[in-house]
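Colleague: OK, TrEMBL features for this one:
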type     : residues  : note
TRANSMEM : B:54-78   : transmembrane segment
TRANSMEM : B:84-105  : transmembrane segment
TRANSMEM : B:112-129 : transmembrane segment
TRANSMEM : B:135-155 : transmembrane segment
TRANSMEM : B:167-187 : transmembrane segment
TRANSMEM : B:207-226 : transmembrane segment
TRANSMEM : B:257-277 : transmembrane segment
TRANSMEM : B:310-328 : transmembrane segment
TRANSMEM : B:334-353 : transmembrane segment
Amino acid sequence: MTAITKHRLFWPAAILAVMLLANLIFTPTFFRIELKNGHLYGSLIDILLYGAPLILIALGMTMVIATGGIDLSVGATVAISGALACSIIADQPDQEAVGGVLTAVALALGLSLVLGLWNGLLVARVGIQPIIATLILMVAGRGVAQLITDGQIITINSAPYELIGGDYLFGFPFAVLIAVVVFTGTAVLTRRTALGLLLEAVGGNAEASRLVGIRARRLLVLAYVFSAFCAGIAGLMISSNIRAADGNNAGLWIELDAILAVVIGGTSLMGGRFSLAGTVLGALIIQTLSTTIYTTGVPPQVTLVFKAVVVTAVCLIQSPAFRAKAFRRRRPSAPAPAEAEVPA
Amino acid sequence: MKRSPRETGHIQGRDEAMVASEQEVLAMDAREERSVRGRGRLTAILEARLRREYLPVLVTLALFVVLFGTGSAIYPAFGSGQVIIDLFIDNGFLLVAAIGMTFVLLTGGIDLSVGAVIALSAMLSASLVEHVGLATIPIVLAVGATLGFLMGYVIHHFEIQPFIATLAGMFLARGLCFVISIDQISIKHPLFAEWPHIPIQLPGDMFVKPTVFVALAVLGLAFWTLHYTRFGRGIYAIGGNEQSALLMGLPVARTKIGAYVVSGTCSALAGMLFATYTLSGTGVHAVGMELDAIAAVVIGGTLLTGGSGYVLGTLLGVLLLGSIQTLIRFEGTLSSWWIKIVTGALLFVFIVLQRAISSKRSPDG
């Protein structure tokens with residue numbers, strides 16, 4: 001029993017399972033997945049589809065957090081990438097042309113890479129604290145996105161572009177396939193090669209890792225570039241899903257959700273270790289929470305209260321200091337965190 | 001929390017750096033001591049401190065003067081005393097929120113809940129004032145302080161990162177706004193709609209509003225607290241090095257939680273000022289204002305790593321951001337998103353400047 005509860009994926013997985021099961025109370029058909037017109041439909045598929053951008057961003061965030069950093073600018077990158085892609089497509093005579101869409105996607109992702117490079121250089125070369133370095137782009141980025149869209153919401157009508165975030169391929173939502181590919185690619189690159197270990201070494205102690213011969217600065221830059229790249233893809237997905245680019249609201253606060261997903265997944269903000277599977281679980285927990293609240297009919301704005309409670313609960317359960325104080329003589333069981341939060 | 005050997009090593013490294021810098025400080029004090037005997041205290045302090053400590057603040061001041069001078073040169077109406085007073089009237093709530101943020105940033109923490117607490121206080125004020133009148137003020141302040149206390153308690157005693165704990169606080173406060181009401185509530189009670197708007201005539205055909213005095217009073221109180229009380233010294237000590245502060249026997253728990261209580265209370269007060277300014281409460285008020293507050297504090301010269309900064313610098317930071325907005329409004333053709341871009345650019349300049357200054361002090365920042 002203790003061997004299972006000690007596993008670092010136990011708590012995130014248990015929380016996700018409890019949340020999914022809780023949905024059965026409100027929707028008995030929650031776990032049903034149907035095949036209509038060759039497409040998969042169902043609540044679980046919805047969670048995956050709407051969770052795909054968050055999963056992508058959280059994967060990038062995991063790499064950055066593994067190096068002991070943090071990337072606050074991903075929300076702004078989401079807005080910029082979507083804005084650029086949509087404004088290019090909107091300017092074309094034929095919005096349906098595949099070539100034009102590919103150009104737009106390539107340019108948007110290219111710009112995302114540049115933004116990631118900017119963050120990475122600030123952190124690795126200039127030596128600014130990551131939270132501050134990425135704060136600059138977080139503040140300025142939305143302004144840039146609005147500059148690109150000229151303050152308007154650009155709507156587009158392009159079937160090839162809609163594939164990215166809203167359409168299906170081989171029965172699966174294309175966005176989910178992208179997320180699976182990025183997850184697999186990242187997992188193979190970091191866990192089947194030394195890259196993951198090197199990133200963790202940099203996160204543990206950047207100076208020490210440099211002294212043993214790791215190119216710490218280059219790895220740091222790489223982590224931020226990867227994070228921005230993931231955010232860029234997510235920006236394409238979000239704008240493609242709503243068929244519009246909104247410089248002000250696209251990806252608003254998604255950086256906070258992504259950081260939460262990483263933390264819920266068991267990756268410490270201190271850096272030095274990371275869990276990709278945990279991150280995906282964390283992102284799915286957050287998305288399941290939103291979906292659950294929508295299906296129970298609570299006003300969507302009130303979601304935030306539940307989110308606060310769940311975030312507090314999850315973080316407290318994972319906090320060794322809290323566990324030591326709360327369950328000193330008891331077996332670990334599902335606690336009542338809202339009450340436990342009030343000081344004795 | 002159990003620390004891995006690696007983390008302990010990191011902390012030890014920091015402590016050693018701290019000891020080294022303490023020796024440096026002692027040496028500096030000794031130098032100061034000698035020169036005090038020679039030339040008088042004021043010049044000595046000026047010489048020892050002016051170069052590094054005050055530089056970011058002075059740069060902010062210089063930028064503010066340059067910006068204001070440019071504005072006055074282009075637009076004759078810009079260079080009047082009333083425009084400066086308007087900066088205080090239009091940014092009073094931001095100033096109060098940024099002052100609270102200064103306390104938290106000085107301890108090396110961060111408070112993301114500021115904007116949401118402002119919205120919650122505006123919402124509470126709007127819904128309560130018709131029923132309880134003047135009692136609204138203590139109730140709202142108590143709610144802000146309680147939220148701050150809870151966040152501080154969780155941060156300190158359960159070792160949750162400030163970033164995550166205040167993020168949860170932000171979600172909670174924003175959500176509670178919508179629990180009170182999903183629609184906007186307008187305010188008609190004289191406590192918010194009339195009394196704070198009574199113009200007070202000043203010589204030279206200028207006027208101020210009572211809200212300005214509230215903001216200035218908070219500024220004065222914060223200045224006194226940070227520089228002349230034990231609590232204030234404790235805040236700087238924790239920001240400098242929490243381990244050292246603990247080993248010195250400072251009340252770390254009380255001080256650290258206190259910083260978040262100050263920030264929560266300031267945000268609540270800022271929310272009430274915001275309510276007098278907009279005469280309404282809604283859950284979408286002040287979205288992202290915590291970023292403006294953080295930007296103002298950083299531009300005002302406070303290190304985000306904690307331990308160094310001045311609340312008067314925060315005032316300058318708020319005034320600088322405010323005058324950029326005023327200038328862009330005077331310009332007319334420039335769109336509002338330029339405010340964000342210019343704010344980001346300013347942040348960049350000041351962060352690099354701080355980096356350049358602090359790199360002389362410690363190699364790994």
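From the backbone N, Cα and C atoms, a Cβ is placed for every residue, glycine too.
All annotation found in TrEMBL is predicted automatically rather than curated by experts.
Because the structure is a prediction, the values reported are computed rather than measured.
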Colleague: Taking 3+ C-beta pairs under 8 angstroms (sequence gap of 6 or more) as contact, is the transmembrane segment (B:84-105) in contact with the transmembrane segment (B:167-187)?
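Modeller: With fewer than 3 qualifying Cβ pairs, these stretches do not touch.
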Colleague: Return yes if the transmembrane segment (B:310-328) and the transmembrane segment (B:112-129) have at least 3 CB pairs under 8 Å (sequence gap of 6 or more), otherwise no.
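Modeller: These two segments do not touch.
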Colleague: Near the transmembrane segment (B:167-187), which same-chain residues lie under 8 Å Cβ to Cβ, leaving out any that are not at least 6 residues past its ends?
Modeller: 111-113, 115-117, 119-120, 123-127, 129, 147, 150-151, 193, 275, 279-283, 285, 290
Colleague: Could you check if the transmembrane segment (B:334-353) is in contact with the transmembrane segment (B:207-226), meaning 3+ Cβ pairs under 8 Å among residue pairs at least 6 apart in sequence?
Modeller: no
Colleague: Would you kindly check B:54-78, B:112-129, B:207-226, B:257-277 and say which stretch has the most C-beta pairs under 8 angstroms to the transmembrane segment (B:135-155)?
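Modeller: If we count Cβ pairs closer than 8 Å to the transmembrane segment (B:135-155), B:257-277 scores highest.
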Colleague: Name the range, of those listed as B:54-78, B:112-129, B:257-277, that has the largest tally of Cβ pairs under 8 Å with the transmembrane segment (B:207-226).
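Modeller: Ranked by Cβ pairs under 8 Å, first place goes to B:257-277.
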